[in-house]
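Below: one structure, written as structure tokens.
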Ligand SMILES: Cc1cc2nc3c(=O)[nH]c(=O)nc-3n(C[C@H](O)[C@H](O)[C@H](O)COP(=O)(O)OP(=O)(O)OC[C@H]3O[C@@H](n4cnc5c(N)ncnc54)[C@H](O)[C@@H]3O)c2cc1C
Ligand code: SF4
Ligand code: FES
């Protein structure tokens, strides 16, 4: 994934490489609020926050929750892009709040934040993740082997290990699935994340469950629904080439070679 | 209030909880209660590796690993437990590989291994390659692999259920576990889980520090629930400060970076670890390196305009090596600091990382109510527990190992116990304490705010009980914590609803942090020596005569309701290793 780095030229003159000390700015966060205990309508609410633009959107959400409005509700845990809790729609794009710096969002204009699409919103930025995890479970996301277990480790060459490296990085954040227009229209579609996790095993040289898994993905709600819009690849905070993985699964279905 | 009945209840779905669940689900009807979706657990943040003397790349054996663990822990390690850890490490790694974990491989196709701090060949001769790893995503792969196998085994999860109380019932003069009380985030409903056995696997408590590698959710809930019910906490003064956290943010940059050849430098570019640890240099144990960094900073050799950090230098390593072995941490530097690690050194400072102390257990994971008595039906494993395999300082890669070895052991032991025993009758009004706590917070009209108290606590802990401690600083902390606990009684929250009330739960979590911070500071004050992660400038030496013993802290409540902490001590189990001076 492209990560913001500063130009060498820009960095010259600062005492250290990296972000120069920046003054605080006042940024407006326009957040789509929803709490069925209060109203069955959602509405946008603006919050002004004095903040260092090098900070994360998650830091801004915390500032709002901790200093302005304790009812603002979102999920988060690790705060550095590894747990997958805080995928949300920021300025119309799916991202992790903890991996998005305010300075990269054009903070002169209000920054919009809303829940990811295609999953039921339960409160503010919190959605119902159960259908997402159900699709994941449906693709048999575990190593399937036959015969007796070896006493030591199974051998795998470095190349065979590399073959599925990209899809092992998934943190199940749902940014891809909830950016997919097919999924928005039809929640029955497995969605990119489930296919990514099937890919992770289909292309693992140790796995012997490929046929079974491919049959599942051959289903009418399976891999053929993908229309290759690349939204998923753009959304993935782990830089996984999601669309490519889906294409590889499609190809494996046609050739039955993987 | 809803009541559920299970043979075994597991609190937490990180590495320890899920490793236990895989075993106990096969053997007993098991429920896993977790405040996060399993794959959100902080085990997923672990980077560098998991230790096991596989000897895949060079000569190694579990006895050397045992020795390193004991020495690394500054001899406060229970040696019988360390031996189990090192011996069972080999199967623990092989189990994970068989479950599907995608380890990095050697040219021969075996699991690859790399160097890590404090792990040595032949009792300290030279660094050894013992850490099994998957790039710098080892914890992520462990967490995913265990979750995948939980799906395979049909493990039953209750996601976003917060366990807030441990039910203990006295039968024939013995305290026994009857179950737990949990709060459901989605609905605000309270659930009582009656069970024959309970396993705590609820992780660490780093959030009482400000600069920390720990997740926002690591608030010591399990430790606090047991402590409040009169069970002791062991060795809470021992907390590990990892040398390389991203400056000011605390995000971890794995020790694997130094294992791959990374070097620490001060503002003059000097490789200062050569002065402090001539043999192991940058790979000396963590407490040693963290103190060395602060010594450099204090003596004016820190970097940056404020001289408040040092550099982790990876610029001499080939970019391909960084991409292959350290992809995530180099990306952290780019994302959060705007630094290109290929060409620029990364500013770092020590970050609060790991709780060596916790709920005392024996090697089966059974929780102790004093130095020797087991609480029937109660187990703990992982960072929440203190076995004690880490003593005064945990070696890198030994915690991912610990959660697998003792997660598995406690999962088996708890399920087998559930088989041979009957349910214990629940106490009357089992949810009374939790209901009262929730109602008090929901209805409070006090003027204090959770975020303010939490920040004051974190700043106080960073300033006073971090890498360097003295009588004076610890006393300052004890007083401040007492003041904050007083003020906590007066906090109110803004969200009064039932649905996804994270405002309320942050208040509950703060209560836990305050209790545990008090235990930590009080235990640290009494330990007038320096050992491992606990360094007292006023007592700079280890004192084996008076302090070769574990601290056991108990909460006492007087008849008039005043609370206090009673400290007691427990002997260290020593088998074949005699304490020596620790040199790296
Ligand atoms: C950044 C980082 C890097 C690390 N790298 C390494 C490494 O390379 N090698 C190594 O050996 N160790 C490493 N460690 C240490 C190691 O990762 C942890 O100690 C270990 O993963 C802890 O696992 P656990 O299962 O005990 O807890 P966690 O994985 O933290 O899981 C805790 C679980 O408890 C649940 N929980 C918490 N409170 C409650 C409650 N009240 N009710 C219900 N559920 C609850 C949570 O939902 C979660 O599922 C690292 C740690 C960090 C922070
Ligand atoms: S593939 Fe990427 S975007 Fe999709 S769930 Fe996994 S990490 Fe998230
Ligand atoms: S909080 Fe963990 S990914 Fe953002």
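In case you wondered, yes, glycine gets a Cβ from its N, Cα and C as well.
Bear in mind that the values here come from a model prediction, so they are computed numbers and not experimental data.
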Quiz prompt | Recorded substrate site member, picked from B:242, B:419, that accompanies B:254, B:353, B:394 in TrEMBL | solution = B:242
Quiz item: Cβ distance under 8 Å to residue B:36 (FAD binding site), same chain, sequence separation 6 or more: which residues?
Solution: B:13, B:159, B:160, B:217
Exercise. Write down the Cα-Cα distance for residue B:254 (substrate binding site) and residue B:16 (FAD binding site), rounded and given in Å.
Key: 21
Quiz item: DSSP on residue B:40 (FAD binding site), three-state: which is it?
Solution: helix
Quiz item: If you measure residue B:42 (tele-8alpha-FAD histidine) to residue B:399 (FAD binding site) at Cα, how many Å is it?
Solution: 12
Practice problem: Could you say whether, by DSSP, residue B:399 (FAD binding site) belongs to a helix, a strand or a coil region? | Solution: helix
Quiz prompt | Site with most surrounding Cβ atoms, counting all protein chains shown within 10 Å, from the binding-site residues B:12, B:44, B:48 | solution = B:12
Self-check item: recorded positions (B:42, B:242, B:353, B:399) in Cβ proximity to chain A, threshold under 8 Å
Solution: B:42
Exercise. Anything within 10 Å of residue B:399 (FAD binding site)? Look among the recorded positions B:242, B:254, B:286, B:353, comparing CA atoms, and list what you find.
Key: none
